[in-house]
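S.K.: Let me give you the structure first, and then I'll get to my questions.
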């Protein structure tokens, strides 16, 4: 313990500053500027007045122009090209799998299998949302399932609230179970340098337990409200699953490639393959199978759509975001916060992990997940390095707590997760009566319960 405190005091700058060249400036203007740039970009992300890719790129260029992120040394220390490749590749994979219509067809099949019983539909679609989010992307899953949920509620003359509450919370939970399901999970997984299987082995059992609680809560909260007439059920059963599928020449190869990518990611630790390269190979193969859809804007000279596709891929956004987050690390902001956390906890990994879990849940409820994860990752990386130098233990529980907390926070409100915002937007467009305040009344208390269960699980099994 004394060794850790000595290291923290040395790195905090008592006597000599040993962080980076830029932090030796006695004026200390660089960390302040880096923090202001990131905070300003964060606010602009939230208000969504300007394109987020342009905002991220502008913040990155400003950080580079001010010397807050030196090109050579900064990219070598705080910028992960593999992470950028992984994020963009997973976007391509998610879009390609979405275009096959497999998720929508599965949802339609569930409706028919349950004979249009509302509660059974709500539970099965929530389960599908969690599984789909764990294997593809939470946003893609919600984008595929929400229209069907709204149509189901409309035809059954019911409120969409029970269906959407279960699906959004389940998608957020499922997205945190693996490195595939959400942007923040991918960022954390790459920063922690853990394998796909190692990450899933730690968090998947916890997320499965939390999912079970969500399903039970949906049953208890809405069991008596989800009642529909037989006439309305027959109208819903008219939907055919095969109508949702793309052409067989696209669907079958895409499904096979998706399964191969999943298998390779599961075995990546044993095979010694990098997840980014596996995802890139899968994305290239899927794009080749669906080349007509990808080339259609160029063939029709619809360059605006082509540019929108590049923007939606996250390439520019993640590039700028990683540079801004890197500036926080390079100028010593991340290390400063890590030092304070270590001093507060006296180097106790269990206490640090629980603190990280609760703070990240709070942050995940009100802040956008991807920039939150990018900023928090620099802090956890610095804490991990100092714990390793002190010989106290592994920083893995900190990474698990960060990922689990952001996932739990994402289901508490509709403000921070893209999945929640997408569902709210689609419901609003159809005037479906899905209000944020009604969602929070159900989701916030449930999220607090999930946080307590997660804290107990961490204490018993992960710390």
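Backbone N, Cα and C define each Cβ position, glycine as well.
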S.K.: Transmembrane segment per TrEMBL: which of the ranges 123-144, 277-298 is that?
M.R.: 123-144
S.K.: Identify the transmembrane segment range according to TrEMBL, selecting from 223-245, 315-337.
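M.R.: Here TrEMBL associates transmembrane segment with the stretch 315-337.
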S.K.: By a Cβ-Cβ criterion of under 8 Å, what residues six or more beyond either terminus of the transmembrane segment (28-47) are in contact with it?
M.R.: 22, 55-56, 58-59, 62-63, 66-68, 320-321, 324-325, 327-328, 330-333, 336, 367-368, 371, 375, 415
S.K.: Run the contact check on the transmembrane segment (83-111) against the transmembrane segment (315-337): 3 or more C-beta pairs under 8 Å, excluding pairs closer than 6 in sequence.
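M.R.: Yes, the stretches contact each other.
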S.K.: Out of 123-144, 315-337, 349-367, 398-421, what stretch is closest in contact terms to the transmembrane segment (54-71), meaning most Cβ pairs under 8 angstroms?
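M.R.: If we count Cβ pairs closer than 8 Å to the transmembrane segment (54-71), 315-337 scores highest.
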S.K.: I'm checking region-level scores; what's the whole-number mean pLDDT for the domain 'Citrate transporter-like' (42-405)?
M.R.: 83
S.K.: Among 349-367, 398-421, 442-462, which stretch has the most Cβ pairs under 8 Å to the transmembrane segment (196-222)?
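M.R.: Of the candidates 349-367, 398-421, 442-462, 442-462 scores highest.
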